[in-house]
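Trainee: Residues or ranges marked as active site by Swiss-Prot: D7, E67, D139. Here Swiss-Prot flags D7, D139 as Mg(2+) 1 binding site, drawing on sequence analysis. The Mg(2+) 2 binding site annotation in Swiss-Prot covers E67 and rests on sequence analysis.
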Amino acid sequence: MIILGIDPSLVSTGWGVISISGSIVNYIDSGVIKTVSKDSLVLKLGNISLMIEKLITRFNPFHVAMEEVFINKNYSSSVTLIQARGAIMSVIGRYNIDFSEYAPNKIKKAIVGAGKAEKHQVQQMVKLLMHIKKAISKDESDALATAYTASVNHQIKII
């Protein structure tokens, strides 16, 4: 079973693909979708949608998992994050792929064992759990952690 994990952002959306075979988790690939700062919001959202669609057609995931939004003090950044998530979710919906979302503290707990873990701790555990030797960004590790959380969550029924 292939799971695509997504760490949404208007600037740098992290993505990570893992495969699950029984209790074995295998790292397949990961990366970051970067948008151009001078582009309009519509172009940025269109680029994110297009790249997510390319990932879906390339990896054919059984399930897509995404980090939930948390509203912070900066209202405008929260709104743009919600818009990026909407663009991503519309692509997932068009392909009718099984979908789940997880709060950041639930993801941290699944990976590190503590909901208040630091980003570098999540990154280290993702690399350790998935036997990743190369350098990965925090956006990639967050996306891979989200995919991993989906793999251990009861919402995914392995057939």
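Yeah, the Cβs are placed from backbone N, Cα and C, and that goes for glycine too.
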Trainee: Near E67 (active site), how many other Cβ atoms are within 10 Å of its Cβ?
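Mentor: The answer is 24 other Cβ atoms.
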Trainee: In sequence order, which residues at least six apart in the same chain have a CB under 8 Å from the CB of D7 (active site)?
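Mentor: Spatial neighbours, sequence-distant, of D7 (active site): T13, G14, W15, M66, E67, D139, E140, D142, A143, T146.
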Trainee: Using DSSP reduced to three states, classify E67 (active site) as helix, strand or coil.
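Mentor: DSSP assigns E67 (active site) to strand.
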Trainee: Which secondary structure state does DSSP assign to D139 (active site), in the simple three-class scheme?
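Mentor: SS state of D139 (active site) = helix.
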Trainee: Within 10 Å of the Cβ of D139 (active site), how many other Cβ atoms can be counted across all chains shown?
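Mentor: Around D139 (active site), other Cβ atoms within 10 Å: 24.
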